[in-house]
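Feature annotations, reproduced from Swiss-Prot:
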- H22, H24, K137, D256: Fe cation binding site (BINDING)
- K137, H170, H199: Co(2+) binding site (BINDING)
- K137: N6-carboxylysine (MOD_RES)
Amino acid sequence: MRIPLVGKDSIESKDIGFTLIHEHLRVFSEAVRQQWPHLYNEDEEFRNAVNEVKRAMQFGVKTIVDPTVMGLGRDIRFMEKVVKATGINLVAGTGIYIYIDLPFYFLNRSIDEIADLFIHDIKEGIQGTLNKAGFVKIAADEPGITKDVEKVIRAAAIANKETKVPIITHSNAHNNTGLEQQRILTEEGVDPGKILIGHLGDTDNIDYIKKIADKGSFIGLDRYGLDLFLPVDKRNETTLRLIKDGYSDKIMISHDYCCTIDWGTAKPEYKPKLAPRWSITLIFEDTIPFLKRNGVNEEVIATIFKENPKKFFS
């Protein structure tokens, strides 16, 4: 299966190379930006994205998967500009990011109608361009699987069955939303191997993470540096334990880094306390060296960062 890239020709999955599976070039509140654009500086956002992508590329990153969809400020033209300036392989997605309710537009609209929007992005292109989505992104968090969240999950399943693109999720690792996402998607006929349950690295509950992997899905240990959810050292120990227990073929590691984000909790003055080491290169500076010191060889590193993304998109 070929993987569509932003601003470039598609590639075969075997050519994906070293991949960061969950990073954001930019995240913003769509309604706020539309109404008060003076709060934002796109030139600065662009510089931030270009600089961070180039830093990642210095460590050998070939492909970045950016799960910024509706609700997070997806802007395919901004993504194109960053690709042109850096040369990175960038995979964009479709989907809807909500925790509770869908926007009013979706009142009295069906699951099939939501799925049609996802399928449009996958088959026709995103936001009036020829850039096609390579995956579907869905979310569930502390409120659990609400009625509208479930509609989006089932719509993602329809899109997967129609187009064969995989599904990446945002989950809360402390309330079983990942297991519920997996259950609903597989109930709808999605191959569990085409599901990546995100943010499982926010817990060191090994048994919970293994339950998801044992059902056939990939496990996202993908928030390295977000110490407010779990410190880096505990994330490293969890990752090492999973590798030692034979789960390297299910693991994907990333940072969920946002080159720019406008959320109030991400104000610069909060970062030293909540996420002092959060960056797009932390895993190269800390995690991979830690794993190697503890006996993890290059073959396993390649499995996690190259082979698993290849399988996921195949």
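Cβ atoms here come from the backbone N, Cα and C positions, even for glycine.
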Query = Reported as an integer number of Å, what is the Cα distance between H170 (Co(2+) binding site) and K137 (Fe cation binding site)?
reply = 8
Ask   = Measuring Cα to Cα, how many angstrom lie between H24 (Fe cation binding site) and H199 (Co(2+) binding site)?
value = 14
Key: Shell of the Fe cation site beyond H22, H24, K137, D256, same chain only (C-beta within 8 angstroms of their C-beta centre)   = E23, V65, D66, P67, T68, I168, H170, G198, D222, S254
8 Å Cβ shell about K137, H170, H199 centroid, Co(2+) site members excluded = H22, P67, Y97, I138, A139, I168, T169, S171, G198, G220
Message = I want to verify one value. Collapsing DSSP to three states, which class is H22 (Fe cation binding site)?
response = coil
Remark   = Within 10 angstroms of the C-beta of H170 (Co(2+) binding site), the count of other C-beta atoms across all shown chains comes to 26
Message = If you count other C-beta atoms within 10 angstroms, which of the binding-site residues H22, H24, K137, H199 is the most crowded?
response = K137
Ask   = Just the number: how many Å between the Cα atoms of D256 (Fe cation binding site) and H199 (Co(2+) binding site)?
value = 9
Note = Cβ density check for D256 (Fe cation binding site), other Cβ within 10 Å (all protein chains) comes to 24
Inquiry  = Distance check, please: Cα of H22 (Fe cation binding site) against Cα of H199 (Co(2+) binding site), rounded to an integer number of angstrom.
reply    = 10
Task = Looking only at C-alpha atoms, tell me how far H199 (Co(2+) binding site) is from K137 (Fe cation binding site), rounded to the nearest Å.
result = 13
